[in-house]
């Protein structure tokens, strides 16, 4: 029998219709009661007396299952079984459905299932970020299996489902489980051979690579918690928190191929050279990059795999090392290999050193350079030149609006040209002219232009009073989280004194562009 712990996140049926397992509501376990029942507190259902309090209800153990682990949402195909997170019978629930059609802007048309698992006439359009692959919980296993359950010991056969006897219990070395949603039968065989000794021991500090889009080249520091099956480990991240609101460190099951030991410290490194491969500490991870330009003895411009260029102090950098065949090797790639990994680093370096960008000095501009794209410069007592690398023709940027009612909004644009008065002509990507015939173009001050912030895929729940950017009216608006319920957030905008609701996928962590670098708010 599966035992649930106090406070454990689960999914449960509706109290008024406990037999419908195609509508599952997020909840937490309060305690076990008599007769194999659990007292739950629902997250999206609320009581009438007292009003607006989370509903507490006792359900049979058979109506409760563990929370399905967070998975990377794939692109679904027509006919795929999915769970859609939407409002149902008084609260948000994961509702079983089938994909009917693929629409624009990452949306899908789905048909929901009835209590018996048949496709009903109820349809809806759901955004991809509110969908997940459908899975059944059968005799303590997920069907289809999770990636952590899939190894060489799992075999699949196509045959008619065979019902297990009521008194059948788990007995190694073999267990057979079926699902009533199709002709799928899987058999898990437990090998008697002794597993080879793992090279990652419990408690060892390691680095874990993230393969998600936008995280290429990022390595997160973690600790090995335990070995899980074949070539997999449960790790606990040092700098990432779980998204369940407990403020506990995030734990994940990771394949061994995405884990490496922490690289050894390289002694006597006080400076870095142009085009040297480095790791930069940014957003709670070490990111693989290459030095594009040396600002001074302690500051550098670094380019990454996703083409962002950021400025770092030497204390935030380390020489890049490759983990190859069980040994650490100091990186020493040629120009072709660097281009393949980081893009056209030579062109980006030329932009930074002034071949394609004018550096506006404190004194005056050279007359022959006045026709080239200009870049904002500011001086200080200790330095004669300081520049920003994002103001050049064709650069993708964000432009701030100071018009009344639009304060705090940033709109994505492309720099079209530079003007003699220190301004730039920009073409907005999301705004059109009044007649809607072409993209809107405007003049903008350099002080109102910034590069597009690096993409941070925020997997975890935003917390109260956290600063965020909300996508609203074709722009990113700075606001503060003032309330949330599951996947929806209330955000307060101080300049306009408005409060609006947003889904998780329409928010991003707020970042400030300060002195040529991005700073997380």
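Backbone N, Cα and C atoms are what each Cβ position is placed from, and that goes for glycine too.
As annotated by TrEMBL, domain 'Agenet' applies to 2-72 (among others). Sorting the domain 'Agenet' (2-72) by DSSP state (H, G, I as helix; E, B as strand; all else coil) yields 3 helix, 37 strand, 31 coil.
Marked as domain 'Agenet' by TrEMBL: 74-139 (among others). Break the domain 'Agenet' (74-139) down by DSSP state and the numbers are 3 helix, 42 strand, 21 coil.
Marked as domain 'Agenet' by TrEMBL: 198-267 (among others).
Helix, strand and coil counts under DSSP for the domain 'Agenet' (270-325) come to 3 helix, 36 strand, 17 coil. According to TrEMBL, the feature domain 'Agenet' maps to 270-325 (among others).
The feature domain 'Agenet' is assigned by TrEMBL to 389-457 (among others). For the domain 'Agenet' (389-457), the model's pLDDT averages out at 84.
Taken from TrEMBL, the feature domain 'Agenet' covers 460-515 (among others). Helix first, then strand, then coil: DSSP counts for the domain 'Agenet' (460-515) stand at 3 helix, 36 strand, 17 coil.
Annotation source TrEMBL lists region 'Disordered' at 1-22. Non-local neighbours of the region 'Disordered' (1-22) in the same chain are 28-32, 36, 38, 40, 42, 45, 55, 57, 59-61, 63-68, 88-89, 93-96, 112-115, 117, 140, 244, 246; each lies 6+ residues outside the stretch with a CB under 8 Å from one of its CB atoms.
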